[in-house]
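Q: Before I ask anything, let me first share the structure, which is written out below as structure tokens.
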Amino acid sequence: MNEEQAKKRVNELRDLLNKANKAYYQDAQPFISDKEFDEYLAELERLENQYDLATPDSPTQRVGGEPSSDFETVSHPVQLLSLDNTYNEDELNDFDRRVRELLGHENFTYMVELKFDGAAIRLRYENGDLVLGATRGDGERGDDITRNIRTIRDIPLHLENEYPGVAEIRGEAYIERDAFVRLNEHREQQGLNAFANPRNSTAGSLKMQDPREVARRPIRFFSFDLITDNEAPITQYEKMELLQEYGLRVCQHYKRCEEIAAVHAQIDEWKELRHDLPYETDGVVVKVNEDKYREELGSTSKAPRWAIAYKFEAEQATTVVKDIRLQVGRLGKITPVADFKAVELAGTTVKHASLHNEDEIHRKDIRPGDRVVVEKAGEIIPQVVSVINPDRDDRSVPFEMPTHCPACNEELVKLGEDVDWRCINPECPPQIRQRIEHFASRDALDIEGLGEAVVDQLVTEGLIKTYADLYELKKEQLLPLERMAEKSAQNLIDAINSSKEQPLHRVIYALGIRFVGKTVARDLANGFQTMDALMDADEETIAEIDSIGPKIAESVVKFFDQEHNRQMVKTLREHGLNFEMEEQEQTSQKLEGKKLVLTGSLPSFTRKEATELIEKHGGKRTSSVSGNTDYLLKGDSPGSKYDRALELGIAIIEEKDFLNIIGEKV
Ligand SMILES: NC(=O)c1ccc[n+]([C@@H]2O[C@H](COP(=O)([O-])OP(=O)(O)OC[C@H]3O[C@@H](n4cnc5c(N)ncnc54)[C@H](O)[C@@H]3O)[C@@H](O)[C@H]2O)c1
Ligand SMILES: [Zn+2]
């Protein structure tokens, strides 16, 4: 590359990166993946250095983002910087070497913290009172979002203990994965657009104009930096302790490391463990621990020289949309799905993603043939983030929603304010199949051997039309089916028969009533005690049950109003399914309010059975060990959760202790 070409490329890259910054920070609508962004940025930096082309306004020199016009702008007395980052271990060693060379000794230590994937926030406390909450913006000026910040429960309005006169605190606002999924479900039920990922939902929530709305969003906050008018130089470690003393929430997963080898070990551990955390992390941050050495090392215009972010494999990728097809749900909801050229995304191969609904496709203007950014929202669900280069000329035509069901050709309808199209034909084959699959699923009647393939054959062969027909099946009818031998046929018949023993709440759940999930089904069973009482209840009575709103009540009544549903329920009764609450469903209070974490395999229970036992006695099973954990239930070959529990002094129990506590036998 000659100088001329380098200049051209530098301009191209700057233009692209500036656009990407705007899309990412202002519009929360990135059009390239983080990894690609970081690669382009690294390329730009290389060229600028090699050809001496750096300018102060280059994206390599500036913190991305800008204050918005919707809020008052505040200046930050001490800049909020970005972090240099790397995806690679050698570069981490380079960082370590640089620090040692610049300081000229090795008397420093490192702090390793998780890198939370949310929004950077600055807080200011004067005489212990919260006086300001602001976004990072361009690092020098951000948005004053104090009113919104005050609604976040992890952020105290007053500091505790012996706080300094002025305290500047930095941290990350974020939304937990579960809460994110619920938030999106809630939005979808209300017909609003789903957020692409927890980070976007946090950034979006913080910029809402009505603080009451913000208060309803499950925003959490971790503090990780403290600047005070107190001169004494301290360490990051001490800062974390002080923050907690002042009443701020600090993530407990921080670790002091004497040398870079220990940092690598931490990284290896978090690469795996982070998936068990309730929130998203995109890496770890490695910081020189001591303030006095930080001062010596200083910063560039963009990032401190005393810290680096080690980023984990990006959870985004790009691929090409091959086709957009319609999927018919169990309740007739039509979901457009994009089929991709297979792409690796955070450890799995992704071939398709839900596009949610017609509006969503038009908003993102996704068309077959487009190259798109995909990512995993909440590390679970693949999603199309956006189309790359939407202005190119050779695109296919915009997506047009078909008017008829792809499976049964019934005309699609929209109910009320619903954003989704539906097929309301009760005989629509995919709906029939899915209702039966749902009926037999693990959390419903748990009929082993009745998976997708078998149900498909049973329906195609005309052996069953509804789940109630299952109980009429004879072994002889099963034998001709594919991969069905004498033994498997008998097993299936036995499994269908023993499903009659399942408790009432599972039967209610199995019916497949809209909005009636596992928890609601349990509440309905507890509230009404019998199927008959539930069937005869009106909306008002149903809505009297705590936790059940008018929407669910309406849906239950509607279900039992329909003749074909009543008929099915009648058949189920004739076959002897449980229509009354059983004694043993009553829960004990022995684990009331207790949080248990499981590790390793238990001698007599599967994880699912153990979870059910815990819940039956009023406890809750959580996935990761924290200060709030009451018991760690330890089985054979326990994982790292065991070490963590030891470290935190959590009570560790084995299966026999557990059974003692709840007063049950194997
Ligand atoms: N896809 C795109 O188009 C696009 C565009 C712009 C930026 N980006 C992504 O964003 C990155 C740059 O964003 P950035 O400047 O906000 O940097 P960053 O998010 O990579 O790192 C800096 C931020 O990390 C946060 N952080 C989280 N945990 C922390 C901890 N324990 N200690 C200290 N800080 C912690 C801080 O809020 C800080 O502002 C890029 O590297 C890129 O991956 C992507
Ligand atoms: Zn249909």
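Positions of Cβ are set from backbone N, Cα and C atoms, glycine also.
Keep in mind that what you see is a predicted model, and the values were worked out from it rather than measured.
So TrEMBL has the following annotated:
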BINDING   Asp34, Lys35, Glu36, Phe37, Asp38, Ser82, Leu83, Glu113, Arg136, Glu172, Lys287, Lys311  NAD(+) binding site
ACT_SITE  Lys115  active site, N6-AMP-lysine intermediate
BINDING   Cys405, Cys408, Cys423, Cys428  Zn(2+) binding site
DOMAIN    586-666  domain 'BRCT'
Q: Are there any residues at least 6 positions away along the chain from Asp38 (NAD(+) binding site) with a Cβ closer than 8 Å to its Cβ? List them or say none.
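A: Asp38 (NAD(+) binding site) has long-range Cβ partners Asn85, Tyr87, Lys311.
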Q: Summarise the domain 'BRCT' (586-666) by DSSP state, stating how many residues are helix, strand and coil.
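A: Helix (H, G, I), strand (E, B), coil: 27 helix, 16 strand, 38 coil.
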Q: Consider the recorded positions Lys115, Cys405, Cys423, Cys428 and say which one has the Cα lying nearest the Cα of Lys287 (NAD(+) binding site).
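A: Minimum Cα distance from Lys287 (NAD(+) binding site) across Lys115, Cys405, Cys423, Cys428 lands on Lys115.
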Q: Given the Zn(2+) site residues Cys405, Cys408, Cys423, Cys428, which other residues of that chain have a Cβ within 8 Å of the mean position of their Cβ atoms, reported in sequence order?
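A: These residues sit around the Zn(2+) site: Val328, Gly332, Pro406, Ala407, Asn409, Glu410, Asn425, Pro429, Pro430, Gln431.
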Q: Please check each of the binding-site residues Lys287, Cys405, Cys428 and report the ones with a CB atom less than 6 Å from an atom of ligand 2, ordered along the sequence.
A: Cys405, Cys428
Q: If H, G and I count as helix, E and B as strand, and all else as coil, what does DSSP give for Glu36 (NAD(+) binding site)?
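A: In the DSSP reduction, Glu36 (NAD(+) binding site) maps to helix.
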Q: Are any of the recorded positions Asp34, Asp38, Lys115, Cys428 near ligand 1, with a Cβ under 6 Å from it, and if so which?
A: Asp34, Asp38, Lys115
Q: Please list, in sequence order, the residues in the chain of Glu36 (NAD(+) binding site) that are at least six apart in sequence and whose C-beta is under 8 Å away from its C-beta.
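A: Once residues fewer than 6 apart are set aside, Glu36 (NAD(+) binding site) is near Thr318.
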Q: Measuring Cα to Cα, how many angstrom lie between Cys405 (Zn(2+) binding site) and Asp34 (NAD(+) binding site)?
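A: About 38 Å separates the two Cα atoms.
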Q: Using C-alpha positions only, work out which of the binding-site residues Leu83, Arg136, Cys408, Cys423 is nearest to the residue listed as 'active site, N6-AMP-lysine intermediate'.
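A: Sorting the binding-site residues by distance from the residue listed as 'active site, N6-AMP-lysine intermediate', the top entry is Leu83.
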Q: Rounded to the nearest angstrom, how far is the Cα of Asp34 (NAD(+) binding site) from the Cα of Cys423 (Zn(2+) binding site)?
A: 39
Q: Do you know offhand how many angstrom separate Cys408 (Zn(2+) binding site) and Leu83 (NAD(+) binding site) by C-alpha?
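A: Cα-Cα, rounded: 55 Å.
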